[in-house]
Amino acid sequence: MDFSLDIADGSMELASKIGELASAAHQRDGVRPLSEQSLLNLTTTDPDLTHVTVSPRDDRDRVIGYAQVDRRGSVASSEILVAPDTRRRGVGTLLWRTALRDASLPSRSGEPGAHNPLRVWAHGNLPAAQEFARSAGLEIVRELHELSRSLNDGRLAPSLTEAMAAFGPGHAVRAFDPARDEEPWLDLNRRAFASHPEQGQLTLDDLRAREREPWFDPNGFFVVRAGDGDGALVGAAWTKVEPANDPDSRPVSGELYVIAVSPEAQGRGLGRGLTALGLAYLRERGLTTATLWTDGDNAAAMATYRSQGFEIAFTDVQYARPSTAPMAA
């Protein structure tokens, strides 16, 4: 099969085509092949984002491969997706080599290109991804764990009301109000995740894109302010409950989407209280399982979540070439 490689603009049409491709891969592999941010990026045109598609030369409307290169963070990252029925034909290698070249180029005239090794996500780190990494000379440079725990095992004592009251008279807890809280939350998020390559980079556009998602519910997004409610935003617990695939069914699992604590307020137990608040809300929604994501090298977070009953259920990894390895020609 001869291939045609194209650079595409972000659009609803691209999102539709890549969404279908991702659904086919998800059905085959049992793993979602693209991150939430990458899916949201599909409608975005940004000089620091590149969308690469591969099609059969005799059927240009059919997309059989996709790569996204994101240079907006401190380290360039990529995602690669190949149609299940066209794997092992060189499409993934073509996309990886294209992504490597793209990441080394400047986004704007007069700017330097990237010098850090490009990272590529492998969701679930499936055997095929491991084989590709070995053949490309890549090594794991980051692990992102999905943790999970039951909401019906008797270890969750506080109700939602009790979890809110547990913050005491020095803090006021309420639901997120977009009109009042967007900018303060973004500031909190930037400071709480200053060293995080993705979370700390969220912009107002990124936040509002999530507010437009069908799962967004401000009633499950709690903000904590110092004092009686007019003080600084010191913490937030944002939950995410995706609609069930079957419209006649109810979701059974919810996510602690973002738990953020102001650096000035860390070490006071706010993180534990925010986690308990999110769990109480999810249980009150009638869900049976709670999940969250955290980096494998975040020992403090891992210890906190394990102490609250979470265990590793799933792992995504990022691969990169060793820093001493030469770039592909």
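Cβ atoms here come from the backbone N, Cα and C positions, even for glycine.
Nobody curates TrEMBL annotations by hand; they come from automatic prediction.
The annotation acetyl-CoA 1 binding site is assigned in TrEMBL to ILE80, LEU81, VAL82. Per TrEMBL, acetyl-CoA 2 binding site is recorded for ILE259, ALA260, VAL261, GLN266, GLY267, ARG268, GLY269, LEU270, GLY271, ARG272. The feature domain 'N-acetyltransferase' is assigned by TrEMBL to 5-158, 171-329.
Positions of TrEMBL features highlighted on the structure.
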residue	record	Cβ neighbours (10 Å)
ILE80	acetyl-CoA 1 binding site	25
LEU81	acetyl-CoA 1 binding site	23
VAL82	acetyl-CoA 1 binding site	25
ILE259	acetyl-CoA 2 binding site	24
VAL261	acetyl-CoA 2 binding site	23
GLY267	acetyl-CoA 2 binding site	9
GLY269	acetyl-CoA 2 binding site	13
GLY271	acetyl-CoA 2 binding site	21
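The acetyl-CoA 2 site is set by ILE259, ALA260, VAL261, GLN266, GLY267, ARG268, GLY269, LEU270, GLY271, ARG272; from the centre of their CB atoms, other residues of the chain with a CB within 8 Å are GLY235, ALA265, GLY273, LEU274. Of the recorded residues, VAL261 (acetyl-CoA 2 binding site) and LEU81 (acetyl-CoA 1 binding site) place their C-alpha atoms 35 Å from one another.
Taking the mean position of the Cβ atoms of ILE80, LEU81, VAL82 as the acetyl-CoA 1 site, the remaining residues of that chain whose Cβ falls within 8 Å of it are ALA25, PRO33, GLY65, TYR66, ALA67, GLU79, VAL91, GLY92, LEU95. The binding residues for acetyl-CoA 2 are recorded as ILE259, ALA260, VAL261, GLN266, GLY267, ARG268, GLY269, LEU270, GLY271, ARG272; their greatest pairwise CA distance is 14 Å. With VAL82 (acetyl-CoA 1 binding site) as the anchor, the candidate binding-site residues are ILE259, GLY267, GLY271, and the one with the nearest CA is ILE259.
ILE80 (acetyl-CoA 1 binding site) and GLY267 (acetyl-CoA 2 binding site) are 39 Å apart (CA-CA, integer value). Averaged across the domain 'N-acetyltransferase' (171-329), pLDDT in this predicted model comes to 91. Per Cα geometry, ILE259 is the residue among the binding-site residues ILE259, GLY269, GLY271 nearest to ILE80 (acetyl-CoA 1 binding site).
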